[in-house]
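K.L.:
Have a look at this one before I ask anything.
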Amino acid sequence: MASRGGGGGGDGNSPPPSVSSPDVRPSSPLPATNSSPPQSGRRGGGRRRRGSASPYPSSPSLGGFETPPHPGRRTPSGGAAARQQRQNWTGGRFPPTPSTPMSTDDVPLSSEAGDEDTPETDGGGGGGAGADATPVFVWGTNISVQDVNAAILRFLRHFRDPRDAGRVDPVMDEGKYMRAIHRILELEGGESLDVNAHDVFDHDPDLYGKMVRYPLEVLAIFDIVLMDLVARIEPLFEKHIQTRIYNLKSSVCLRNLNPSDIEKMVSIKGMIIRCSSVIPELKEAVFRCLVCGFYSEPVMVDRGRVTEPHICQKEQCKATNSMTLVHNRCRFADKQIIKLQETPDEIPEGGTPHTVSVLMHDKLVDAGKPGDRVEITGIYRAMSIRVGPTQRTVKSIFKTYIDCLHIKKTDKSRLHVEDSMETDNPNANKTTEDDFLRDKVEKLKELSKLPDIYDRLTRSLAPNIWELDDVKRGLLCQLFGGNALRLPSGASFRGDINILLVGDPGTSKSQLLQYMHKLSPRGIYTSGRGSSAVGLTAYVTKDPETGETVLESGALVLSDKGVCCIDEFDKMSDNARSMLHEVMEQQTVSIAKAGIIASLNARTSVLACANPTESRYNPRLSVIDNIHLPPTLLSRFDLIYLILDKADEQTDRRLAKHIVSLHFENPNIEELEVLDLPTLVAYISYARKHIQPQLSDEAAEELTRGYVEMRKRGNSPGSRKKVITATARQIESLIRLSEALARMRFSEMVEVQDVVEAFRLLEVAMQQSATDHATGTIDMDLIMTGISASERQRRDNLVAATRNLVMEKMQLGGPSVRMIELLEEIRKQSSMEVHLHDLRGALGTLMTEGAVVIHGDSVKRV
C-alpha cells in the first residue's frame, strides 16, 4: 500500500506513512476538513452527494471559503480501476498536493484470492508496501484504514438477518447484503445499496461508532469495498453502486442540532415544506483554446473551484490565457435544495417550528415532495459566508445544512404504499420486509371479509366520542374516498369528499377533526381565524439563498391527496373563503402574481367545522343564516352535518356515564371490538392505494332510480310549489359515497347495498341541514340559495298583496302613507303573520320596479 506523506519533497516511491498521535484529536468542524486532500486530478463515477460544492449556487471559480470544506470523493468503478488509480498516484501521474495529509480514498482493497476477510495491501506502481506495511490512519484520528476495511468486508459478507434464523432455505445461507448485491446485479438496475444502521450496530458496534463520527471517511471505504465485491462477482458490471445508510439508532430533533454534530452523521424527522427546482452542478469542466481550438482534458471541480488552464497544452500553440469553458462538453450532476420543517408534534409549548436546508443529489432528487413527512439520514455540514461577493473575508457565523444520504417517508403503519423512497428501479432495493408486509396485507384482507367490518370501522373511528354514528360513517367515507374520473375529452370529476360539521359548542367537532388529521395519509390542520387566503393556497416569496421569486405552498396544496382540516370555518375572512371555491370543485389553485402564472394541484378533501353565529344553533333559521356562509361555497360540500346539543335527561345521563368511564377503569363495562390506530391507518391506506371500485349495472340502475325518486318528492301532484330536493351535485356525491363504501369491503365492484347506504347517509345529512321547517320537507334551495321554496312563495305573496294595497289605497302622485298604516292594512287582509321587516322587503322590491318611493318611514306612489 503506497501512502502519501505531507511533505512536498519526496521521491514518491516510499513516503513516510501518516501515524496518529497517542492523544486522538477531536473532529472539529473546520480541522476535520484536512482529512481529505483536494484530489484535483481524479476521475470516475463518484460519491457526489458527500462532496457537494454548496447548497447555495455560486460560481465555481470563487474561493474555497464559499463552499463546504470537503472535496468530492470519486471512487472508481471496480477493483482494477482502483489499482490503476493508485499506480497513477504513486507513479507521479497525479502528484500529491504538498503539505496535505493522506486521503482516506487510498484504501487497500481486499484480496482477490479466496474468501479471506482480512484484506491484503496492493503493492502497485513503484514503491508499494507488502503485507507487513505500516498501518494507515485517518488524519487526526486513531481509525485504522485496514481495520475499517476488514470490518466492512466482514459485515457485507456475513451479516444475516435474525428473522431468517429459523428458515430452512439455502438462499438464506448467504448474507443479507450479499443477497442484495446479487439482486442488484441480476436486475441490472439500482445504483445504491441501502444499509440499515441497526444491522451495522448489531454486527460491529465499533464500526457503527466510527461511521457516525467520521461518515465521510468510513463511507468512502464502504464504497470501495462494495465495488471490490461487485468486481469479483461481475467483472463486467460498469455502474457505480453507492452505499446509503439509513435507520440510525437515535434520531435528533431539528432544534437539538448543535455545533458538536457538524461533520457527523445524523438522522432527523420533519415535513418537507419546499423543494427547489433541479440545479445542474458542474463536476467536470472542459476548456477550448481560442487560438488553435484545442480541447483540454476534463478538469475536476475541487470544492467549488475550477482550475482553468493558463497555457494551452498543444505543443504548437502554448498560448497563455486563451482557454474558455465549453459548456456542452462539461459534465453536470443533479442537485436540489429542500426545506425541512419540524412536525407539529415535536414543537414545544410556545415554540415556533425550526427549519433546515437539505441538499439532495442524483437519484435523491425529487424523492420527496412538499407535505411529505420524512426521515432523512445525512451529514450535518457548515459553510462559511463571505462578507461581500468580491471579498475573501468571511463572517464568524456559518450557514448549516444537511448533505442527504438517504430519505424515507415515515408513517410505517401505512404499509409503505407511499412511503418508500422513489427510485428508478424500486425492485432493486427490496429486502426481506416484503414478507412482513405480505403477512400484514393478508391480515387486512381477512378483516375486510368480516360481516360487521362496516360497524367495526365506525366504532374504531374516535372511540372516545360517544354516539354520532352517522357522522362517523360519513367521515369514514371521506377517509376512503372515491375514484377520480378523467374523461378523454379532458373533463374530470373529483373523487374526494368534502364534509362540513355545524353545531353547538362542546359537541366534539374539533376532536373529530383532530382524530381525522391523525388518520389521514397526509394533510394539514389549520384554523380559520388564523388563516389567510395565500396561507391556504400559495404565496410568492423571495428565495433566501438564490434571491429568486418562488412559490411557497399553502395548507391546501400541502394536503394534496390527503385531508385538509379547517377549524373555525365560520370565522374565516371572506377573501380566504373565496379561494376555496376552485379548490373544492376543480381541485386546483391558480396563481397569477409577481410574474408567476401557475396552476397547482390541490386534490384534497376538505373537512371543516363551524359554530353558529349566535353560539347556539337557531332551528328557525337556515344553515346559511346560522353560520353566514355563501351558498355557492356551501353547495360544494357533499355532506353537511348538524351536531346539536339538545336537552334530554336519558341522553344526558348516558353521555355523562360515557365521559366519566374514560377517566377510570370499570370492569363491568363490556367493550366492543375495535381496530387499533395503526391497523385502522393501514387498512385505510391499503384500500386507497389498491382498491379501485367500479359501478356494477345493478348499482347504476339503483343510482338512477333513487335520484329520480328524490327529484319527485319536490314535485308532488296537486302542489303549486316546485321544490328542488336534489341536484346534479347530489348524484355525484352519491357515486363518491358508494365507491368509498365499496372500498371499506375491499370490493372492486360497487354493489346495490353500497348505493342504498349512500342514499341513507345523504338523506340523514340533508334532513338535518336542508329541511324546510315550515313544511318539514327537504329543500335543496336552502343550500343552493339560502331561501326555501316556501319562504320564497311567502315573499312573492306578500309583494303581490302590498302591490294591490298600494294600487287601491294610494293615489298616483298623492300624499305619502306611513309604513305602520300599510302593515296594519295587510294584517287585516292576510291570515299569515307579517312583520315590519317583511313589509320593508316587499316595498323594496316594489321600489326597484318603480312603483313606489320610500322616504324614511313613509311610502309614496309614483
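Even glycines carry a Cβ here, placed using N, Cα and C.
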K.L.:
Swiss-Prot tags one of 127-130, 191-194, 635-638 as motif 'Arginine finger' - which one?
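P.N.:
Swiss-Prot lists motif 'Arginine finger' for residues 635-638.
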K.L.:
Under Swiss-Prot, which of the candidate ranges 144-172, 289-317, 550-578, 782-810 is annotated zinc finger?
P.N.:
289-317
K.L.:
Select the most exposed residue of T507, S508, S510, where exposure means the fewest other Cβ atoms within 10 Å, treating these as the binding-site residues.
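P.N.:
Counting other Cβ atoms within 10 Å of each of the binding-site residues T507, S508, S510, the minimum falls on S510.
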K.L.:
If you count Cβ atoms within 10 Å of each one, which of the binding-site residues G503, P505, G506 comes out on top?
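P.N.:
Counting every other Cβ within 10 Å of each candidate, the maximum falls on G503.
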K.L.:
Give the number of CB atoms, excluding that of K509 (ATP binding site) itself, located within 10 Å of its CB.
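P.N.:
K509 (ATP binding site): 24 neighbouring Cβ atoms within 10 Å.
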K.L.:
Return the count of C-beta atoms lying within 10 angstroms of the C-beta of D504 (ATP binding site), excluding that atom itself.
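P.N.:
By my count, 16.
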K.L.:
Average the pLDDT scores across the domain 'MCM' (453-659) and report the rounded value.
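P.N.:
The average pLDDT of the model in the domain 'MCM' (453-659) works out to 79.
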